[in-house]
Amino acid sequence: MKVEIFCDGACSGNPGVGGWGSILRYGDTVKELSGADGDTTNNRMEMTAAIEALASLKRPCEVVLTTDSQYLVKGMTEWMSGWIRKGWVNSKKEPVLNRELWERLLALSKIHKIRWAWVRGHNGHPENERCDELARAAIEVFKGRKP
């Protein structure tokens with residue numbers, strides 16, 4: 001099955017309360033997911049949006065995952081193999097941040113065939129804008145306010 005995933009993360013303070021939002025589209029079906037965390041970073045929320053969307057798929061899929069996070073796209077397409085080869089240290093010889101999330105993404109990428117795509121954030125891309133709305137609404141719900 002072919003699936004389009006769009007995802008975004010947001011933080012109120014960085015670190016701070018964060019939210020994530022994802023849209024999954026397959027055939028005529030569109031599904032929206034979102035959530036929040038009380039103490040996180042924008043990068044962790046970007047990654048969580050992708051993880052939750054991929055984890056929600058019931059069987060192996062062909063996925064195009066679109067995000068405005070260069071950190072996420074470059075991590076999965078350029079940096080991951082080097083981190084693994086070097087024992088999860090980065091080019092500065094420091095432990096890779098968010099390793100547990102990268103490892104979850106790696107495991108999910110072995111289940112699904114994923115093409116990682118980057119789009120400029122806050123630039124009028126409808127699905128990216130909607131994911132941002134979902135992420136920000138999740139922050140407000142977490143804080144106890146109506147979105």
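Every residue, even glycine, has its Cβ placed from backbone N, Cα and C.
For reference, Swiss-Prot has these:
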type: BINDING; residues: Asp8, Glu46, Asp68; note: Mg(2+) 1 binding site
type: BINDING; residues: Asp8, Asp132; note: Mg(2+) 2 binding site
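This view paints the features noted in Swiss-Prot onto the structure.
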residue	record	Cβ neighbours (10 Å)
Asp8	Mg(2+) 1 binding site	33
Glu46	Mg(2+) 1 binding site	29
Asp68	Mg(2+) 1 binding site	22
Asp132	Mg(2+) 2 binding site	19
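A separation of roughly 10 Å, to the nearest angstrom, links the Cα atoms of Glu46 (Mg(2+) 1 binding site) and Asp132 (Mg(2+) 2 binding site).
Residues Cys7, Gly9, Ala10, Met45, Ala49, Thr67, Ser69, Leu72, Gly121, Asn128, Cys131, Asp132, Ala135 surround the recorded Mg(2+) 1 site, their Cβ atoms falling within 8 Å of the Cβ centroid of Asp8, Glu46, Asp68, which are themselves excluded.
Between the CA atoms of Asp132 (Mg(2+) 2 binding site) and Asp8 (Mg(2+) 1 binding site) there is a gap of 6 Å, rounded to the nearest whole number. Reduced to three states, the DSSP call for Asp8 (Mg(2+) 1 binding site) is strand. For the recorded site, Asp68 (Mg(2+) 1 binding site), the DSSP three-state label reads coil.
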